[in-house]
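The structure under discussion appears below in the form of structure tokens.
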């Protein structure tokens, strides 16, 4: 338990699996709640904006992560660019994203299982799944990354099945026709942005495994680029097929893909059930991947003195045990209430967007103050990071204006005060 060095075991395919796996559940649930906000066209416009943002952001982030390949990810970049307090702020914002997202995903997993097997108690399933993947992460990064790779590939296969089954039946009238195609105009589109972010939320988490990548200068850009291309294609197809099958009208369901297919094949058809079952792997991949992310972020913050030192202790397999178990225990408690988890996902999105903006500010400052810093991967500067920062600030406004004004933020303020007191 005394080791303080993470083991270098990851290759680009593992990094791709972690990055995509953290995000893949966003294809299977949550994003469709943007339809009532902006309609099909408003949600489509919001998703295109979000896709452009993440494409610009991830290339910019690749420059940061290869220049400063540390487990702290954004907190390390901000600390280098703006000092320890900025590093702490960015780290806590990232921790909000990665600690508060798993409870919502776990609750959705429990609900998914209950939908498929009504006799299964969703509370027990939620708790059991969460605990199982916390324990799985104790085996070490190499084994955890392999599980993440398998779950991610299966989840992508489920999406491919959905596209193959749904594309021939897409009705363009469901996409462009009707009075609900563009609800609320520009305001409706902006209100849909927080839900469109779910398509990509946590893709940057692969950077938190930077210290465990065998050749970070070469492998991190490859993993990130493969990841954003995979998710960009999936987002376009998921939105197009779901809306084209009528999924953009009516009350949003917790299972938008099976619901859309059921309009063509029926609820009991093998293909609808198959997509629903495989959807579980999407939820599992994200839950497992984000657990990896929060454990490394907690480890990095503790190593820098922002959190108690015991959270940075590693076991013989190079796993930050307490950085894994303590946030996991908080997540298990939060997952006990579906309503609480739904509120926490908003804090997760808020923390993510705040971290994105601070990371882009860090990139600009480092370019100006440390022009000689070794940058194995260089983004097209300043246009690409400028676009990412501008859209990030717009998204921060959207999340606060349309999602958080009715959410109690005192818990995040308490987290900030308690964490900084450890300094």
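Note that Cβ sites are derived from N, Cα and C of the backbone, with glycine treated the same way.
So that you can see what the record holds, here are the features copied from TrEMBL:
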{"type": "TRANSMEM", "residues": "12-31", "note": "transmembrane segment"}
{"type": "TRANSMEM", "residues": "43-64", "note": "transmembrane segment"}
{"type": "TRANSMEM", "residues": "85-105", "note": "transmembrane segment"}
{"type": "TRANSMEM", "residues": "111-139", "note": "transmembrane segment"}
{"type": "TRANSMEM", "residues": "146-166", "note": "transmembrane segment"}
{"type": "TRANSMEM", "residues": "181-203", "note": "transmembrane segment"}
{"type": "TRANSMEM", "residues": "224-248", "note": "transmembrane segment"}
{"type": "TRANSMEM", "residues": "268-294", "note": "transmembrane segment"}
{"type": "TRANSMEM", "residues": "319-339", "note": "transmembrane segment"}
{"type": "TRANSMEM", "residues": "345-367", "note": "transmembrane segment"}
{"type": "TRANSMEM", "residues": "379-402", "note": "transmembrane segment"}
Most Cβ pairs under 8 Å with the transmembrane segment (268-294), selected from 12-31, 43-64, 85-105, 146-166, 319-339: 146-166
Residue numbers, six or more beyond the limits of the transmembrane segment (319-339), whose CB comes under 8 Å of its CB atoms: 1, 95, 99-100, 102-104, 106-107, 111, 123, 126-127, 130-131, 134, 137-141, 291, 294-296, 298-299, 302, 310-313
Stretch-level contact, the transmembrane segment (146-166) and the transmembrane segment (224-248), CB cutoff 8 A, at least 3 pairs: yes
Candidates 12-31, 43-64, 85-105, 181-203, 379-402; stretch with most C-beta pairs under 8 Å toward the transmembrane segment (224-248): 43-64
Contacting positions for the transmembrane segment (181-203) when only residues 6+ beyond its ends and CB under 8 Å are counted: 19-20, 22-23, 26-27, 30-43, 45-47, 49-51, 54, 58, 97-98, 101, 175, 224, 227-228, 231, 235, 238, 286, 289-290, 293, 346, 348-349, 352-353, 394-395, 397-399, 401-403
Same-chain residues near the transmembrane segment (345-367), Cβ under 8 Å, at least 6 residues beyond its ends: 30, 57, 60-61, 63-64, 67, 74, 77-78, 80-82, 86, 89-90, 92-98, 100-101, 104, 194, 197-198, 201-202, 204, 373, 379, 381-382, 385, 388-389, 392-393, 395-396, 399-400, 403-404, 407, 409, 411-412
Residue numbers, six or more beyond the limits of the transmembrane segment (379-402), whose CB comes under 8 Å of its CB atoms: 37, 49-50, 52-53, 56-57, 59-60, 62-63, 190-191, 193-194, 197, 346, 349-350, 353-354, 356-357, 360-361, 363-364, 367
